[in-house]
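Annotated features, as they stand in TrEMBL:
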type    : residues                      : note
BINDING : 24, 25, 26, 55, 151, 152, 153 : FMN binding site
DOMAIN  : 22-182                        : domain 'Nitroreductase'
């Protein structure tokens, strides 16, 4: 049964919601500990991501989760893709090595993708925006469990090669890789400039 507005409002701790948003941080794999995140927590992250807004109820988000031996294979695959798509004069061994190291340091890797609806009725930009909302839900849930996360992109991650490997079509796209792990130090603090600097408010 859907609660009425009054009972629903009373069930939400507004201070906790604000605190959760303010404390969400991008924590890179280099700052992860060796502690493994429970699979149940990752499933909760994914479950909450599934409640993102979606125009036309297309639910375009797709997630591919890798852990244990699979995450190491993915890291090596990404390094190989980087070497394949990067011209020799721009190729940097350290970048390929970092893709492998990031996979090793993470508890889980979540490839983020957008699945294009067959009719293409909904503009592509709106589908991408829906996936971004899903990732925010996922990241906020990680924060609630004290789990760090980092949404990374880059040519190898968002490549046609990885898209094809995942079995996606050429109308779909990979939007990044979400690294998951517990931070090895204290939770980082953040700051934002005043919202008033970013708002134009008109009443007439």
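Each residue, glycine too, has its Cβ placed from N, Cα and C.
Taking Cβ-Cβ distances under 8 Å and a sequence gap of 6 or more within the same chain, the neighbours of residue 153 (FMN binding site) are 175, 176, 177. Under the DSSP three-state reduction, residue 153 (FMN binding site) is assigned to coil, being neither helix nor strand. Cβ neighbour count for residue 25 (FMN binding site): 18 (other Cβ atoms within 10 Å of its Cβ, all protein chains included). In this view, the densest Cβ surroundings among the binding-site residues 24, 55 belong to 24, judged by other Cβ atoms lying within 10 Å.
Of all the binding-site residues listed here (26, 152), it is 26 whose C-beta has the fewest other C-beta atoms within 10 angstroms.
DSSP assigns residue 26 (FMN binding site) to a strand.
Here the Cβ of residue 151 (FMN binding site) has 17 other Cβ atoms within 10 Å, regardless of which shown protein chain they belong to. In this record, FMN is bound by 24, 25, 26, 55, 151, 152, 153; the longest C-alpha to C-alpha distance in that set is 28 Å.
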